[in-house]
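Undergrad: Per TrEMBL, the features are:
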type     : residues                                      : note
DOMAIN   : C:15-150                                      : domain 'Molybdopterin cofactor biosynthesis C (MoaC)'
BINDING  : C:Leu75, C:Cys76, C:His77, C:Met113, C:Glu114 : substrate binding site
ACT_SITE : C:Asp128                                      : active site
Number of protein chains: 6
Amino acid sequence: MAELTHLDSEGEAHMVDVGDKPVTRREASAASDVIMDVSTLALLRAGNAAKGDVFAVARIAGIQAAKRTAELIPLCHPLPLDRIDVEVTACDELPGVRIVARCAVAGRTGVEMEALTAAAVAALTVYDMLKAVDRDMTIAATRLLTKRGGRSGDYRRENAPA
Amino acid sequence: MAELTHLDSEGEAHMVDVGDKPVTRREASAASDVIMDVSTLALLRAGNAAKGDVFAVARIAGIQAAKRTAELIPLCHPLPLDRIDVEVTACDELPGVRIVARCAVAGRTGVEMEALTAAAVAALTVYDMLKAVDRDMTIAATRLLTKRGGRSGDYRRENAPA
Amino acid sequence: MAELTHLDSEGEAHMVDVGDKPVTRREASAASDVIMDVSTLALLRAGNAAKGDVFAVARIAGIQAAKRTAELIPLCHPLPLDRIDVEVTACDELPGVRIVARCAVAGRTGVEMEALTAAAVAALTVYDMLKAVDRDMTIAATRLLTKRGGRSGDYRRENAPA
Amino acid sequence: MAELTHLDSEGEAHMVDVGDKPVTRREASAASDVIMDVSTLALLRAGNAAKGDVFAVARIAGIQAAKRTAELIPLCHPLPLDRIDVEVTACDELPGVRIVARCAVAGRTGVEMEALTAAAVAALTVYDMLKAVDRDMTIAATRLLTKRGGRSGDYRRENAPA
Amino acid sequence: MAELTHLDSEGEAHMVDVGDKPVTRREASAASDVIMDVSTLALLRAGNAAKGDVFAVARIAGIQAAKRTAELIPLCHPLPLDRIDVEVTACDELPGVRIVARCAVAGRTGVEMEALTAAAVAALTVYDMLKAVDRDMTIAATRLLTKRGGRSGDYRRENAPA
Amino acid sequence: MAELTHLDSEGEAHMVDVGDKPVTRREASAASDVIMDVSTLALLRAGNAAKGDVFAVARIAGIQAAKRTAELIPLCHPLPLDRIDVEVTACDELPGVRIVARCAVAGRTGVEMEALTAAAVAALTVYDMLKAVDRDMTIAATRLLTKRGGRSGDYRRENAPA
């Protein structure tokens, strides 16, 4: 099990010691899509035209969730994030809402989980605000887009936006 | 915007008043799938044979997340849940890991978001514990399976397991 | 010290036993004002014309804070709130931003602190978002407006809006 | 909207990237006053003579709230504070209770919100412990007193104590 | 494993469904002792004579911890506690500090873990405030004293105070 | 009271300013024992043979608690921990379960409280999962084992394992 860094030689979970890693700039971006009926998307757009609170609430929920990643994901390190940015966009081609989250830190470990958590919670928030009209929505493809910094090298998902 | 219950007549977000709804038993189940490379799944199975901590950590993370739903999803009501159950299963047909979460409460509002949050956070936890070997994993199809109780009627997703 | 219900006969703090009080509907409203320079208010209005995110962020922060009242105020009882509503309005007569929060619960104790906490944290959030242009802002007059339900009787602050 | 740093060019809220700012010592102090009836203050002083728990509870609540600032104020950065100090003093000239909070960190961004949050929550706690005898109390003038460190320069409120 | 109610038939952890249990008054008390050098106890008493803040801080920490039991203990149900009371007393016979915590709720499950968590965290807080002078202190005998209400019957530890 | 660093010259609690201390590697380990009836231990071992979830849940609870130490212990500094490791072992000689927790950080203050909190909460979790069969269990001897780094020097409890 040597490859699964969160498990020790006996297969027991622990929070990996990162004390010997250098503090460097780490960045990550992740996305999540809420797929919905075209009529739900139309309703959302109509609401957005007036006030935009669905989008604003989802953005804030995502930002706040990124800060709580270490409380939610048991083996994540607590990290004093330098940046959190969550974009929430209506997309006809889904049809639905696409969320893209970006996080950065100067730290000893990466922020992939922070970006993924922000995207996933923003998506859950969109679901919550629209579920009265459409319970069939699906949160599809919560995924890492990019990762920069750290010993394990950079990462870019195939077909991720530049 | 009358149909979007979380927005008032001016499109502003608020936490809906449920004070006039009766307290009744409410149940919901939700699922989420972590799609991964077959070699990652094989590695996970090998680890599980010994100790199973990936599955146990994901289950606990999901249970704990369900309790924090109202902190994560801004317009959710705080609810003293009566039941939280999270199943984490390796599935060759995905290939990957399927999570099914079930919640119940005696309350004035449903627990769909609690079940969805439990499933999503358990899935993020699986991603976290395997990401050192496979960053291309995708959390696919976080979705509501069933819902029982409450004024809006019961719900069963098409093709959801009975 | 009999009149200070949070202190026992030796003056020590405790969380009052409310187990013998009936569960009834309790409501409260509270307000807080962020007093600012007229030029700051003008800048805020200009921004609001476009997107309104300052107002939306403050509303969400207030709603989320109401749910965490028992974590913040040591002797408050945890309460499963039925309703949280936070209004954030630009006011020329202050000049500044007025916040009004309303909470309700079916419980054994009142929700004054929940309404006050929502108003105070929404006000702090407005301060945070504008402090880069005006550090002299003051959060004035965080106060209870009304209270309904419970043994201690109803309350309406003199001159509170109906 | 360039001057409102928490909003991007489209007016959407985000947590500002501070990754390019140097880590330096940052300090801030803030105050808040709970204005009350002279008879309430007399009752508080009588209690304080015996045990002081109102003051102690408010101090602890303020200290704990400072640590949670980033959870409460959506666009605040999480910061590992080096110092939190909360003073709670009975003041005949108000009449009421004055709270002064001081925070410090070695970080990339200031701690004004941490000091303001500590002062505001300590004030709410005083209100909570005395509300059974005086619901007309007002939390007046939650305000920044001083700020040191960081690119935006030092700040001292006019008439702030040295 | 039928007797271990937190594990299902496959030995997997879950939060037991209590939805079919009646809502009744449940009470529990628990204790914890911080054993210390007599000179440490003397120092604490000297400090207490002046202000009592060590005792007040420990009391508040215990009260706050009781409210967070379901966040700390993974399979505990969230409960809206009706009462939390934490007594912190210097005891020559230990020598050290004895903590007794009492909790009550109208709920479907007991509050033993809430009382035990309050006692344990109050004890940790005493340790924290005195550790600069005595690192050899031990937190001894965190234990349930009494339990009332609920299907499983009442409990009184042998030799527990009446 | 000079020796009690958490109290100032007037005996009031505050979070000590550590801003002038150097950032260095700090480590600590702590232990806690859950003493139980031999039949309870036998039941636990039987369960563990199959799945081990009691041990896994306790480990995760301890890890998560370590991250929340500053929220639980009022005068603790928030610290971005680099390592958390919790070992849970059945011990015939107790008889019962021994928990050993190890924490590390690069910081300005030590992590003794983090290790102690992890051990105490893991022990409470073991109690919770077994209390249906044995309410007489006692959490004995929550204690610091070792401490390394920092101005106050290293510490090793007499008879602590090397």
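In case you wondered, yes, glycine gets a Cβ from its N, Cα and C as well.
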Undergrad: Cα distance, the residue listed as 'active site' to C:Cys76 (substrate binding site), nearest Å?
TA: 26
Undergrad: Determine the minimum-neighbour residue: among C:Glu114, C:Asp128, listed as recorded positions, which Cβ has the fewest other Cβ atoms within 10 angstroms?
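TA: Lowest Cβ count within 10 Å among the recorded positions (C:Glu114, C:Asp128) is C:Asp128.
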Undergrad: Three-state secondary structure of C:His77 (substrate binding site) from DSSP?
TA: coil
Undergrad: Report, as a single number, how many Cβ atoms besides its own are within 10 Å of the Cβ of C:His77 (substrate binding site).
TA: 24
Undergrad: Out of C:Cys76, C:Met113, which has the highest number of nearby Cβ atoms, where nearby means within 10 Å of its Cβ, if these are the binding-site residues?
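TA: Max Cβ neighbours within 10 Å, all protein chains included: C:Met113.
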Undergrad: Count the Cβ atoms, other than its own, that fall within 10 Å of the Cβ of C:Leu75 (substrate binding site), considering every protein chain shown.
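TA: Taking every protein chain into account, the count is 23.
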Undergrad: With DSSP helix as H/G/I and strand as E/B, how many residues of the domain 'Molybdopterin cofactor biosynthesis C (MoaC)' (C:15-150) fall in helix, strand and coil?
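TA: Across the domain 'Molybdopterin cofactor biosynthesis C (MoaC)' (C:15-150), the residues distribute as 51 helix, 45 strand, 40 coil.
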Undergrad: Of the residues named as substrate binders, C:Leu75, C:Cys76, C:His77, C:Met113, C:Glu114, how far apart in Å are the Cα atoms of the most distant pair?
TA: 12
Undergrad: Fill in the CA-CA distance, C:His77 (substrate binding site) to the residue listed as 'active site', as an integer in Å.
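TA: Here the two Cα atoms lie 28 Å apart.
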